[in-house]
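Trainee: Annotations per Swiss-Prot:
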{"type": "ACT_SITE", "residues": "Lys203", "note": "active site"}
{"type": "BINDING", "residues": "Asn46, Gly47, Glu48, Arg105, Gln106", "note": "ATP binding site"}
{"type": "BINDING", "residues": "His139", "note": "Mg(2+) 1 binding site"}
{"type": "BINDING", "residues": "Asp179", "note": "Mg(2+) 2 binding site"}
{"type": "BINDING", "residues": "Arg205, Asp231, Asp235, Thr236, Gly237, Gly238, Thr239", "note": "D-ribose 5-phosphate binding site"}
Amino acid sequence: MLSHDWTDNRKNLMLFSGRAHPELAEQVAKELDMHVTTQDAREFANGEIFVRFHESVRGCDAFVLQSCPAPVNTWLMEQLIMIDALKRGSAKRITAVIPFYPYARQDKKHRGREPISARLVADLLKTAGADRIVTVDLHTDQIQGFFDGPVDHMRGQNLLTGYIKNNYPDTNMVVVSPDSGRVRIAEKWGDALGGVPLAFIHKTRDLRVPNQVVSNRVVGEVEGRTCVLIDDMIDTGGTVAGAVQLLRNDGASDVIIAATHGVLSPPAAERLAQYGTREVIVTNTLPIGEEKRFPQLTVLSIAPLLASTIRAIFENGSVTGLFDGEA
């Protein structure tokens, strides 16, 4: 039930959506019992993007929701243009809601003469006029420090672990991290699933080849257990496919894959469908068309989490409280 203050102030909250994932925006609007503000958005013949809102935005608390699937640059630019239009239309506060933060894997320099593109994205959002960012499961936590303003880093863990607990009760599980760097997150998953043990994949990455990972060996006991293999995203599926093969070779009885972001670039669907996983669970932070779906895929809605976050920000409540101090 929405509070009395929420009802009185609802006219000040406005939700805007880019064209990348309108279904998610409509789900969020439904959770908030409001509508997505209408707009004209189109490309000129040369590909330049134009945006104009149909109603006054003066003094509003604006939330601009845009996911960034392929083509990433198009949708990022559209969100920047929307934010600029809101700033020039005298919106009181502008929050960029970016469920999947673009360029998050370029968060540091691996070698000389490389960009830090995740920082550049943060600078672009600030320059366009964003006062705040809401995002979900960043590739690395340090990206929060790239933006000069509040960053609400939400977690999909509760949604994913809740689904697993409900659908796999009394299962002999082990949580598997795809690499040693995500063991701390795997520990939180283990606690959320009732104190199950952990394992991780030792792997190496060829920095010269995108999306190329070599999985070497499993560290931990997985024989006879159902492995819950976790990651922040599944892109081409190369990392998880190699990990599934290793886990099977080490005697795992079943493998469930859980990730927040289903990028699912080709040939991910084919790989994941043929590697003998029991279920692949992702959220809808990104649109997942029919061409990316396969029988083992389950897509959970992140809309309730985003709506709760928007509500908390609008009412000046605690976003951290949504995660019992873990946000």
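We number each residue from 1, going along the chain as drawn.
Each residue, glycine too, has its Cβ placed from N, Cα and C.
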Trainee: Of the binding-site residues His139, Thr236, Thr239, which one has its Cα closest to the Cα of Asn46 (ATP binding site)?
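Mentor: Out of the listed candidates, the nearest Cα belongs to Thr236.
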Trainee: If you count the C-beta atoms lying within 10 Å of each candidate's C-beta, which of the binding-site residues Glu48, Asp179, Asp231, Asp235 ends up with the smallest number?
Mentor: Glu48
Trainee: Tell me the coarse DSSP state (helix, strand, coil) of Asp231 (D-ribose 5-phosphate binding site).
Mentor: strand
Trainee: Count, for each of the binding-site residues Gly47, Gly237, Gly238, the other C-beta atoms lying within 10 angstroms of its own C-beta, and report the residue with the smallest count.
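Mentor: Output over binding-site residues Gly47, Gly237, Gly238: least Cβ neighbours within 10 Å is Gly47.
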Trainee: Looking at the binding-site residues Gln106, Thr239, which sits with the largest number of other Cβ atoms within 10 Å of its Cβ?
Mentor: Thr239
Trainee: What subset of the recorded positions Gly47, Arg105, Lys203 lies within 10 angstroms of Thr239 (D-ribose 5-phosphate binding site), using C-alpha positions?
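Mentor: So the list reads Lys203.
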Trainee: Any same-chain residues 6+ apart from Arg105 (ATP binding site) with CB under 8 Å of its CB? Would you list them in sequence order, or say none?
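Mentor: Arg105 (ATP binding site) has long-range Cβ partners Ala118, His139.
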Trainee: Can you grab the distance from Asp235 (D-ribose 5-phosphate binding site) over to Gly47 (ATP binding site)? Cα atoms, rounded to a whole Å.
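Mentor: Pair distance, Cα basis, whole Å: 27 Å.
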Trainee: Among all the protein chains here, how many other CB atoms are within 10 A of the CB of the residue listed as 'Mg(2+) 1 binding site'?
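Mentor: There are 18 of them.
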Trainee: What whole-number value in Å do you get for the largest C-alpha pair distance within Asn46, Gly47, Glu48, Arg105, Gln106, the residues recorded as binding ATP?
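Mentor: The span, Cα to Cα at its widest, is 30 Å.
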Trainee: Determine the Cβ neighbour count for the residue listed as 'active site': the number of other Cβ atoms within 10 Å of its Cβ.
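Mentor: I get 18 for this one.
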Trainee: Under DSSP, is Lys203 (active site) helix, strand or coil?
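Mentor: Going by the DSSP assignment, Lys203 (active site) falls within a strand, counted as strand.
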Trainee: With DSSP assignments reduced to helix, strand and coil, which class does Arg105 (ATP binding site) get?
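Mentor: It is coil.
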Trainee: Sort out for me which one of Asn46, Thr236 has the most neighbouring CB atoms within 10 A, since those are the binding-site residues we care about.
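Mentor: Its Cβ has the most other Cβ atoms within 10 Å: Thr236.
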